[in-house]
Structures are given as structure tokens and as C-alpha cells.
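Enquirer: I am attaching a structure below and will ask some questions about it afterwards.
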């Protein structure tokens, strides 16, 4: 690894750093060496995490080496180097400069904080890639680290805390008891462990990971923890975090401002107080009964391991009185009549709490009493032991009285914190109506009446920052990829930052394209302003803009909306106007859910769709400041484009936003803290710009990445809005007046990037999408969970995920076809169907009634497989992996969906309600009583609108004969259905009914194989080939199949001639089978197109076409629809069903000549014509042998019914080409290439030249027939038919497969 010397410190870096990385590390060292704070912005992809780790650890090693050198010099007392002064050794100069690091224990610890544990895990993985091996510790909560079964099952975090404390105090947790003994083991203390590794190691060694991490913290060189452990004073005390002399690094620091304010704020609702009073009443009643009986409670007897509740009844009663007084004091506040609430200064909180006797003097006793009661009830089961209200009250008291009187007193707190940084806001309880609806006889009076919410909001993140500095932090480093503008960010923190850096990006200008799109394709202005964002004109123009952009952006596309309501409303509008279907036809849509549970499933499905072979990509719809806007991997193909649909300003009328702006304006006007405050309007604009910058940061993730950014709001055209963008983006921004120019430039950008940039390396951790449709089926996201929100339900937003037909979806929409000329690969306005299956669908759509809706709704689960035909490349054969049991993956997916649904239900319901739910499900399974099931589900899910989606998701468990009733129940309870369709009422595992032929007899089994004796029973006089050209040419012996046009996609080309072939086949099928039979055939063919199951379609085909020998040609001609990998099976099945050789089979070799003609063909009258023995060297097919034995003027010797009635049916139109080849090849070219002259490789004798085994061609105006060679001579000589002298061309003559007598 390269070693770089920066500011006198040798940094061991994994690779040669870029210039911007060296600049970044230099600034980090400057902060560390000078003991100052720094704000460092460096975009994701520039390696800032690696730079931070290597620089800080190299600096620590430099300090350690200096101390070691000084100690060595002291021991030898300068004897080794007598001419060198002792002060020049080690860190003596630093000590003289005021940096007294004289021993190893004085070397500062590094505290590395990020927002989530998943981000910390990524940092630890980066640390493993370096050469440094420091002692590492990761701090987490009991919820993440506890492995005790009883504690883990508790749903509430604070219950886990108190139950754990109870077990630790009583020494009843054997995992905790092993900590002191095993914490020094090499396997636990030495390796670099993240949060998951810590849990695994703790489980393996049966030692508590939570307390193990606290022990490791004492000796750790670098400690990883989430933000709130540092910013929240209560958490700092709980984890015993000593900040004196430490270096604190906040990674992803763009969230620090919000976290600082939220950690010092609270909202106390009437429900919190009411639930706390309920618990105190319960404890008071329990302790009163115990005291009256004169016996200790059995749970707290002397032989019990629990310490019990060490409180007098009088103390419990006083605590209840305090809560009642606090509730009364809040209710006594007068509010204006418009329910807008009232705002008080920060100091008012002390007056309010003083009325309830909560002061600096009493807070310790009150907190101790609350803690005892909560711990006393910890671990108890039941719905009436919810101690969340008491725990919240304890947290609130700690926030309000966070400064001890001895450290500054109430006066100083009011002057510094409350008066300047806080506001008290009291407003009516907005959730009262839902609470009142759910209230019952067990609810308290306080919960049933409308109360008031007490809000205590901190508006200065600098308060928490100043507290960290006051704790003695050596250096505070804030770093992120999106801190711009850095100057204003520093003002908000309210502490000095002498070191600032806005690093440029490491990419070149040809790797990024940024455009402001103020207008859509139709010229309408794009705006997310409050008064225009829901207008029909704006939503329609935005939808068209997104659809056109999706055409030119390859692979993954990210679309960010200002908020969830805007995203949901937009999708609802696009669905109603059919715009969503058009977008879905280009790239499947994935929508970011609100809930955390289903988000991982959604993003995994998106990754899998983008990575799927042959995929056209996917679109992910997300929200600014949402889960997808930070921390996720959208590098390379996962995110080639980012579209920002508007400026995500905070809600302007929200009380907290209004008060924040007022607070900033007041502080700026007063010149507080040296005037270092933003104005309210500046802060308001920066909230939107920072969210936009975070979304833009998704597109470029590393040095070789590239992508495009679309800013689709006219306000981005203003200079002040562009000035808020990151410094590395601003030079590339271009404002467009014409939407067509946007598409043109973007298409050119991606063409150049794909040629100049290296292809992304295969992802080792990419979603596991194996080749084939069965693998795609495994990564489908669970349908029920996706329907939990309108925004997540793609069935609602996208009514059809069906493959587009031959006509372009945008054919009738001029605006949406605007960008066709700018696409990378021009696509005609009306594409011809690729393949005969698509041609059949096109033919059926043209035959349907006008206005008939051809597209059907698909579930979200079907999303990943419904688009498969559209994704296949135009060249080359289709790759379809055969699955022996197609039902098994579907069943597995259904099982996975059911499990995920049960997890979601368990998260939403209480333990008692979940037990009721599971019991109802078991009863329904046993009794099939739908009425009882509906009566049970209603109270569980219908009362809370947030649980309506769970009721609708239960649809998957309802039996088919009850699904329609369940749909009615859902509509009655929630106002929305659950996606019922009539076909859902058909049992899925119902055994297939035997198909009857027109005579009423049971059709033969499609898998029937005929013996020789059975084959002899068939009538040999009926020729099989009474239809049109239908056999695929045999594949070329060598070369790439994709290089031969006639073999593209494995089936004959489905251009104009292919459509004629399909239309002719359908016409013949209707004549032969009738309307009912033809409908059955079409239904089976559509099913085959979707599920690729040949057996199903053969069962229907055999029942319809094998009852009468004259229908055999329909069976053989069906081969035009059979996919290449099924051709051989189909030909063998045709032979088995008819007892006759399939016309497309290969000719038998010389060893098989004796088996060419079945014995049944030899008895009867002798057949005229030359025998095979006359041409011993000639190999013939079975059909050829039959034709050779039949002269042109007979139907068959020995036939009792020979006559005109057995002549073939009416002639049909030409095949894919008049010559059996693609247009442009003449007859001579076919013969030279050795291509068969049509479906038959041998035929009758030409009446002109006497050539044998030829297929005749007939004049369209008369019955004149000749072979290919004769026709070519005639047409070259006169271009007229020799018989009728009608002008003819080689394209007009028609192949004749059963020649008429001449």
C-alpha cells in the first residue's frame, strides 16, 4: 500500500490517492493537530470514509510513536545521540506548544458517529480494507444487542431496558454473568467487529453483547456509535461516554441539525398522561391490596429473585397527584377559537411544571419514583401494563431540567437555553377523533375528552453543539457529501469552524449531465409550487416529461418527489389518464413505501429488475428526505438518471416551521451570538436545497460512474436556486427552453458515455437473479405488503403491465412521441410484431371490437415476469430456462408472501390482538366459516385507517369461494376493494376437466404415444399436409443463429407476410373447429405465451384437431407458434398423435430406409410411380415417400372414396416470403443456398422439366403450375404466365402444397 506523508504524518493508504483525497486528508490533519473544528464536504464516491479512517488512525500512531521515541530517549539519557537535544524527540515540541500528550493513555480516542447502524457497518467494512488494526468498539442499544430470550421478545425498547436492569441487578442473566470472564478473550477483544458480528460472537460464547461492547469501550482506540448517543445528554449518561479530549467525527452530517433539535425537543400528548395515570392507578391498587393483606406480594417475596417495589403508598399517591396537576395545568391554558394553538417563551415551561411541583429540587425524587415503577412492571404481559407514557414523562423531565442547578442554576439555563433556543407551543390534540373512535369502557376520562398537546421545541442545533464543546472535545469534524452551502451550515451550528472544505468531485465533465427542465413536452410550465403542483396541466406535462425521459435514460431511473402526498396524488392522476401505463411499458415502476418493513423488499425487487438479463431497466419513485434519498447503493446501472420533480420546501403553515423562521429572524435582528444566525427565509430555502442535493448525490457513486440529473421545476432556472447546488454540480448546469433539446442532448450524452466509460464490473453482492424466468420469480416482492399504501400499490397506479402490442402506445399521443428521433436506437412509430406469437396477438387485437380494453390489471407480484417478452433482445434466440415443476416456485413465492404478511400484522397488532387474529385464521381453516372470520377481522383492522391495507392483504388467505364476499366486506369496512376478479373464485388446484371434441367424445391424452399396431389403424389415404406453409426451416449447421434473419427469435419473421400466415391459420381454424373450438385454441395459445407450458396447449390442441383426420393439418401448422426449445417435443408429439411422421422431421439416414414407409401403406392396390430402388442413393422423408407413391391425379390407389371431395381445402396466402425465404432472395439464391423450397423438402414431378421431388408454384390468375426453375426461366424471358399471358412477378406466384391434377 502507498505511504503518503502529509503535514509530517505518514498515512498508509490502500491506493494512490487522488488530488482531492490528499486535500481532504490534509484538512483532517489540520483539525487534529491544531485542535480545531472543521466542516468538510466531499461527495460520495470520493472516498471520504477511507480518508477519515486512514488519516485519524495514522495521526494516532504518529502520536504513539512519538511517545515511544521520547521514552527511549529518556531511558538512555541521551547517550546514543549526545549532540541532539532531548526536546527534539517525539512530541516534546507539541507539548511545549500546549498539547500535553505525555503518555499512551493521553492519546485521544476517536469517536465515529453516523446516523444509523447500517451506515456504521459500511464504515467498519472500509476499515477492514485498510492496513490499520486498531481496537474497535461498536455501541448499540439492547434492542440490537441483547440475546436474552425473555428480554428480546419485549416489543418496547424501554421495557427491554428495565427488564434487563432487573435481571442484571438480580444476577439472573447468565449472559451478563459471563462478561467479566470472557471479555478479555482474544476472539472477542481483537478482531474488528460490527454490530452483527458482535451479536454472533456473543451468541457463540454465551456472553452479553451489550455489556461486552461497554467493556470494550474502555480500551478501544476508535468507537462507533449513532448520532443520538452523543447529542442526547440522557444517552451519553446511559452509555457512560466521556468526551473529554476525544476527536468526534460526524459522518453524513447533513442530518446533524435535525437530530440536534429533535434530541432536545418533545411533544407531550393527553394520551401520554392518561396512560401514565392508568399505570399508577394499577400499581396503587395492587400495593394497597398487598398492604391490606399484610403479606408481601408473591412476586416480591423473600425467596424471589426480583427486588420488588420499594415505595410507600404515600409516594405513589403523590406521584399520581403530580401527573393530575400537570394535566390540569396544561388544560387550563386558554387557546384561540380557531384551534391554531398558543405560543409561549421557553421559560414558560418552568412555570407550567412548577404548578405540578416539578422543579429542579424535586426532579431527582420524581425520576427515581418513575424509574422504580417502570422497572417493577417490566416484563409483565398484558395490554394494561403499557408504561410508555411514564417513560416518556421521565425523558421529558430530563430534557427540561438537563442542567444541574449547581452548574449554573435555573437563571442561567433560562437565559441561555430556554429564552433563546426554545419555544413552548400548546395546541389542540389533532388525534383526538381517532382516539375517541377507538375508546371503550376501559379508557380513562382524560383519554376520552379532547385535550391539549404540550410542545417544547428547540430551534437552535448550536445548543447541542456547544454542549459537546463544553464537555471538552478536542476536535469536532462534520463531514458529508451534501453540506452546501457550507458557510450557512456553520452558522447554524453556533460554534467556530476554522477549517472548511468544499471538495471538487473526482469525475470528469463527460461523466455528468445536469439540465434544468422548466417546461414539459407540451410546453406547459413544470412547477411544484403549492398553488400549481396539483393542477391538471402541470401533472399531465410532468407525466409526459417523465415518460419521454425514461426512453433515453438506460437502466435504472430515480424520480424524487417533494413529499409522499405529492407522489401519491401524481400517480393517481397518471393512472386515470393512462400515463402510468405508458411509463410502465418503458420501465417497470417501483414506489417507495412509507413503512420500513416493506422498503427492503421494494428496493431489492428494483435492484433485481435492473440487473435481470435483457432488462430495459426500472424506475424507482421516491421522496426527498425519504429512505431512498441517502445511504442506498444506486451506483452504475442502479441509477443512471435522477429526476427531481420539485423543490421540497417544508410545509409553510406548520407551526414548528413558522416558529423556527420567527426565531431565526428574532435572533438575527438582535445580533445574538455575534449576529451568527441565518434569516428565516434563508433557512427555509436551504431546507429544500439540501434535500435536493441529497437526491442528486444518488447518481454518481464512484470514479467510473456516470449519469444525468434532471431538475424539473421552473424555479431551478433562477440563479439563487442554482447557487444552492453543490459546487461540483454548478459548472455543469444548463437551462433548457425546449424539451426536445433536453432529450437530444441526453441521448448524445449516454451514447458518448457508453463508448468512453468502462462497463461496470459484475456485482458480487448484486441481487441473485439467475438466468431464466424461474429465477426472476424468486425475487418478486410480496404483493400484500405492497398494497399497504396507495403509493405502493402498483396495481392502483399502473392499470396494465401487459406487453405493448405492435402499435406504439404513444401513437395517438404526439407529445409523448416527441423524442423518438433523439433516441439512441430509433424505434419506428408502429413496430411490427416480433415473432408469430406477437403477430397472433396483433391479429386478435385488430379483430376485436372497437374500444375494447385489451390490457388487464396485473398484481405487483407479477411485475418482474410480465414484461419478459418485451425485454428479450431483437437478435438471437430467446433464452428460456425450462423448469420441471413450474408450480413450485409460485408456491414458494406465495409462502414467502404469507410469512411477510404475518410479520407485518404482528408489528401492527398488540400481543392479545395478534393471538386473536391467529386463532381466527386457524378456526377459518378448520370450519370454513367466513362470517365468523369477517366478524373477527373487522374490529382488528377496520377501526384504524393505517391497518386497512392489512385487511386488504388478508385476501390471499381467503378461499376462492369466499373471495367475492371478502371483497364486499373490504368495501363496506374500508371503502376500498382488495382487487377481486371473477377468475379468483375458481379453485387454483381444481383438476383439469377432460376436453370434449365436437362429437362429445373425450379427447385423447396429449402425452399419448402410439404403438406400431395403433399407427396401422390410421387411414393412410388422408394426407397430412392440407394446409399452408408452416414448417420452420431447419437451423443452419454453423454460425451464429442470430446472424440468419430467418432464424431470428427462433421463429419465422412476423412481418407483413407472417401476419398473413397467422390470419390464414385463424380463418382455417374457425372453419374447421367452429367459433367455440377456435376460442379454446386462442385461449390456450395466449396461456402458452405467458407460462411457456407446452403440455397445456398440446392438451387443448390434441382434443380439437385429432378427432377427424382432415383436421391433422391444423395440428402440424400450429408449429409456427411453437417456441424453438419446444420444436422437437412438438414434432414427436405430432407423430405420436397422428401415427404419421411430422413433416418437419429430419430425413432418416441410410440405416433407417426400411422404416420409412409403414407397412399399412403397402397393402392394397399397387401404387404407380417409380420405386425407391430405382434411385438407391436418394434419401427421402416419410412425406416424400408418400407423395412419390401418389401420382398427381389420384388421391390414393385402393381408396374407396377417392374423388373431388377429398381434394385439399382452399389455397391460402403466401408464407413469410413467397419463396419460403425473407424478401430479397430469389429462387436461384434459395437453391444455391440449399434451402428447402418450402415446408416440404420433396414433392411431385414438374410437368415442364420433369424434375422430381419439387414443390410446384402456381400462377395467381390461372391453374398453371411449374417448379421454381421453370418459373424463373419463364419470368426472365417474358415476365408473363406461359398459359394465360398475365403479367407476373416472382413475388406473385404461390406455392402449392397439394398440387391439382394437370
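Using N, Cα and C of the backbone, Cβ positions are placed for all residues, glycine too.
Just lifted these from Swiss-Prot, have a look:
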| type | residues | note |
| --- | --- | --- |
| BINDING | 42, 43, 44, 45, 46, 47, 48, 49 | ATP binding site |
| BINDING | 146, 164, 173, 208 | [4Fe-4S] cluster binding site |
| COMPBIAS | 758-767 | compositional bias 'Low complexity' |
| REGION | 758-819 | region 'Disordered' |
| REGION | 981-1006 | region 'Disordered' |
| REGION | 1019-1058 | region 'Disordered' |
| REGION | 1134-1153 | region 'Disordered' |
| REGION | 1160-1234 | region 'Disordered' |
| MOTIF | 152-168 | motif 'Nuclear localization signal' |
| MOTIF | 251-254 | motif 'DEAH box' |
| MOTIF | 873-879 | motif 'Nuclear localization signal' |
| MOTIF | 1180-1187 | motif 'PIP-box' |
Enquirer: Which residue, of the binding-site residues 42, 49, has its CB surrounded by the fewest other CB atoms within 10 A?
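Expert: Among the binding-site residues 42, 49, the sparsest Cβ neighbourhood within 10 Å belongs to 49.
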Enquirer: Averaged over the motif 'Nuclear localization signal' (152-168), what pLDDT does the predicted model reach?
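Expert: Across the residues of the motif 'Nuclear localization signal' (152-168) the model's pLDDT averages 86 on the 0 to 100 scale.
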Enquirer: What count of other C-beta atoms do you get within 10 angstroms of the C-beta of residue 47 (ATP binding site), across all chains shown?
Expert: 23
Enquirer: How big is the Cα-to-Cα gap, in Å, between residue 43 (ATP binding site) and residue 164 ([4Fe-4S] cluster binding site)?
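Expert: A Cα-Cα distance of 42 Å.
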Enquirer: Please list, in sequence order, every residue of the chain apart from 42, 43, 44, 45, 46, 47, 48, 49 whose Cβ lies within 8 Å of the Cβ centroid of the ATP site.
Expert: 51, 481, 503
Enquirer: Identify all same-chain residues not among 146, 164, 173, 208 whose C-beta atom falls within 8 angstroms of the centroid of the [4Fe-4S] cluster site's C-beta atoms; report them in sequence order.
Expert: 142, 147, 148, 151, 167, 168, 175, 176, 210, 211
Enquirer: How many helix, strand and coil residues does the motif 'Nuclear localization signal' (152-168) contain under DSSP?
Expert: 13 helix, 0 strand, 4 coil
Enquirer: Count up the helix, strand and coil residues in the motif 'DEAH box' (251-254) according to DSSP, in that order.
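Expert: Summed by class, the stretch gives 2 helix, 0 strand, 2 coil.
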Enquirer: Ranking the binding-site residues 43, 48 by other Cβ atoms within 10 Å, which is at the bottom?
Expert: 48
Enquirer: For residue 173 ([4Fe-4S] cluster binding site), just count the other CB atoms lying within 10 A of its CB, please.
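Expert: Its Cβ has 22 other Cβ atoms within 10 Å.
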Enquirer: Which of the binding-site residues 146, 164, 173, 208 has its Cα nearest to the Cα of residue 44 (ATP binding site)?
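Expert: In terms of Cα distance, residue 44 (ATP binding site) lies closest to 146.
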Enquirer: Tell me, if you would, which residue among 164, 208 (binding-site residues) has the fewest other CB atoms within 10 Å in the structure shown?
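Expert: Per-residue Cβ counts within 10 Å for the binding-site residues 164, 208 bottom out at 164.
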Enquirer: Under a three-state reading of DSSP, tell me whether residue 46 (ATP binding site) is helix, strand or coil.
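Expert: Once the DSSP labels are grouped into three classes, residue 46 (ATP binding site) ends up as coil.
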Enquirer: Which one is closest to residue 208 ([4Fe-4S] cluster binding site) in space, judged by CA to CA distance, out of the binding-site residues 45, 46, 48, 49?
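Expert: With Cα distances computed to residue 208 ([4Fe-4S] cluster binding site), the winner among 45, 46, 48, 49 is 49.
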